Every structure is written in C-alpha cells, then in structure tokens.
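Undergrad: Pulled from TrEMBL, these are the listed features:
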COMPBIAS  1-12  compositional bias 'Basic and acidic residues'
COMPBIAS  13-27  compositional bias 'Acidic residues'
REGION    1-27  region 'Disordered'
REPEAT    73-114  repeat 'WD'
REPEAT    115-146  repeat 'WD'
REPEAT    172-203  repeat 'WD'
REPEAT    204-245  repeat 'WD'
REPEAT    319-345  repeat 'WD'
REPEAT    345-388  repeat 'WD'
Amino acid sequence: MAKERAQDVHFEDGEEGGDGEEEFIDPNDVLAEVEDDGDMPMDEDDEAMFETHDGSSFAEGSIVWEDNSIQHFPTHQGSVFAVTTHPTAPLAASGGEDDLGYIWDLTTGDVVVKLTGHTDSVVAVAFSSDGEYLATGGMDGKVRIWRRVGKDNYEKWEFVTELTGPDEVMWLRWHPKGTVLLAGSNDMTVWLWQLPSGNTMQVFAGHTGPVQCGDFTPDGKRIITADAEGTLLFWDPRSPTPVFKLTPTDARFSLDGITSLAVNPASTLAVVGGASGGVRVVSLSKGEVVGALAGHQEGESVEAVEFVELAPGSASAASGGVVVTGATDGKACIWDLSTNRLRATLEHKDAVTSLHRLPAPKGHLIVSASADKALRTWDARTGTLVREHKGHTGAVLGAALGLGGGVVVSAGDEGTCLVFATE
C-alpha cells in the first residue's frame, strides 16, 4: 500500500531532464539512492516537490513523511473529530468539521454512504451493538439515526429519524445489548432514547456544567455521567433521580472538572479523570471515592481512561483490575487497582487523545492515539511498545479498533482517516 501511494517527483514548469524529456522517478525507487548521471543539478529555488496522501506537499530536502498505514480515507473537507467501527463488518464511520458523516469501507477506503443533514460539525458517531444502526451527533444539537437496509450486506443504509433535545451533542453511546441511545449535551442534560421509534425515555438533569463524558455500565444496568464542573452522577435508566452523586464539595473528589471516565468490566468501579491531572477510583456499590491515582502532571487534563485485561480470571481482575489513564502531559499511566500502584508509564511526545483495549484474548494490548500525529500499540503487561502507527500530518483526534481488533482506524486533524494493522 505504501508503494502504491508513493508519488512521482515532478519539476516546476520549464525544468526538464538532461535529454529534454520530463523525468519521473519510478515509485518503486523512491527513497533509493540514484547514481549521478551527469545531469545538471536544479537551482536551489527549484526543489523537487513530493506530495503526501492528504494532498500536502514537501520539498525533497525536507523530512520524508513516514506512512505505514494500510488504507486511507481522505474525503472529509476539514478536521475529522470522530471515528468508529462496525462490530462485525469491515466498515468505519467518521464525522468532521465539514458537517458531514461518512460510512466507508475499511479495506478499500471507498465511501459507502454520505451522511448529510447536520448544520454544524459532526463530533460523535456510533454503531449500535448489533451493527444495524448508526447514530451521528453534531454541534447543531441534532442526533441523526441511520439503519442498514436488508440483510444481505452492509452496502445500503437509510435515514430513519432525527432526535432533538440537546443544545450541542458532546458524546453518544449505545446500550451494550439494545437499541437504546444515550447522549451528553453541552447544556447540562443527558438524553436517553428508544429506537427506532425515537421516543425519549429519559432526560437526566442534575449536572452543573457541560456533560463531557458518560456511558452505560458494561452490564447495561446503570448509566454514569460527569460534567465540566466536577459532578459525577450514577443513574438507574428507569428513574430521573440519581442513585448517587459526587460533587467537588467532597474534598476527596475535587477534580477541577471531569474530562474522562471508564467503568471496569465487572461494573463495580469507575475511574474518573480530571481537568488538572487528578484521577479518582469510585466504588459504584458504595457511591464513594476508594482511591486516588497520582501520576499525571498537575494542570494537565486526563483525556482518556481504559481498562485492560492482563490475565483473565486473575486476582487483580477480581479486585478491580488494571486501568490505563492518558493525559495532555503525553503520558499513559498503567495502574493496578488492587494496590492503586503505578505499574508502568507509556510516553508520547504530545497529548494522549484516546486509549483502546484490544478484545480478548489480546486484552493486554492497548492502542494510544496522540496529538504527536502517531498512534502506538503497547503491551500493558510490560509497558513495551509493540508497534508505532505513522502517517498523519496533524494531531490524531480519535481512534477505534476494527475487524476484531486487527486494525486501528484513526481520525486526523488534517482531515484524513487512516487504517493501520494493530500489531
């Protein structure tokens, strides 16, 4: 794939090779040394220009951009803010600054469906757990639902309904088992809808700031949401009143705003990341803080939290497991929750933007995405780097694992989605 994408060198108008014909380098020979054939060198002002897959160009003398992706999707016109993958089919969906979403083929990079109807950036995209529905969420406050047509393949999708209510959608999550959709809003509300009817099941109120993160617990029985003012709420989906609430007035919980969270596979603990580097462990049965994890630089926000599975059925899994937290300090910290001790620190050159655990039996592997334009696959047991994924020319704003964890799909600030082999 890299060879296919190598671009010919082209000269400025009027610059020709020594025999009067334009010279092109065979893509197979790019980056190989070529012996001097006696041609006159070009003037310094007339450097050969290379072109990268996203259309930007760089001079021959500058750094060659490394690209080990296996596929790319350059269709968005502007930053790509969100990407997700289908649970079974080789499909990705992405949303961007161009107010558009796309469903596209991971293997070919071809558009399957263009998802229109938003009037502002599409910042959230999510396939339902059964893969039959896709939701897009925008800064316009709209949530638009699409459904697969027929049972033969995943090539045709139809628009089903538009859900309204939120002021500005911040995130979307489908129920782990059913066609129920959860959305967090900038206006301090959380919305729960039943699909395909689109009926509103619940509007959760009680937050005091934009609801920056939230999810269903893995068992599907509860909902957890958190806001920019530092309040965490735990809900029974059937009730508009929270099961418990933690606020910054509890000194043990003060986080200067909550930026990320995750719930362990047993649905017993939440790990909550704060805007100034703090991390808290919360017991969901007791509704109280049971630990504080100090490993990130103060003042740097914790952007991602993800549980990993080092050894299924191990003692550490039973007592809370192992969690990874990623922050704007460029670090991803691996924590053992049975002792609340730091196991290892993974390093990027810029902010860590998202973390993704591979499915079993490779739950010990985790992929980190970063503003340093790269993604990395790590072995969380040892903290060793398994593979680095390069090819973006801008910050990686989001990522998702596809094809059973075999590939990672990334969303770039420069407007391109890339697909990489995870290992």
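Positions of Cβ are set from backbone N, Cα and C atoms, glycine also.
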Undergrad: Across the repeat 'WD' (115-146), what does the mean pLDDT come to, as a whole number?
TA: 98
Undergrad: Which residues of the chain, 6 or more past the ends of the repeat 'WD' (204-245), have a CB below 8 A from one of its CBs?
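TA: Same-chain contacts beyond the flanks: 170-171, 173, 175-178, 180, 182, 184-192, 253-267, 270, 272, 274-275, 282, 284, 287.
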Undergrad: Cβ under 8 Å, sequence separation of at least 6 from the ends of the repeat 'WD' (172-203): give me the contacting residues as numbers and ranges.
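TA: Sequence-distant neighbours of the repeat 'WD' (172-203): 124-130, 132-133, 135, 137, 141, 143, 145, 147, 160-163, 165-166, 209-216, 218-220, 223, 225, 227, 235, 237-238, 240.
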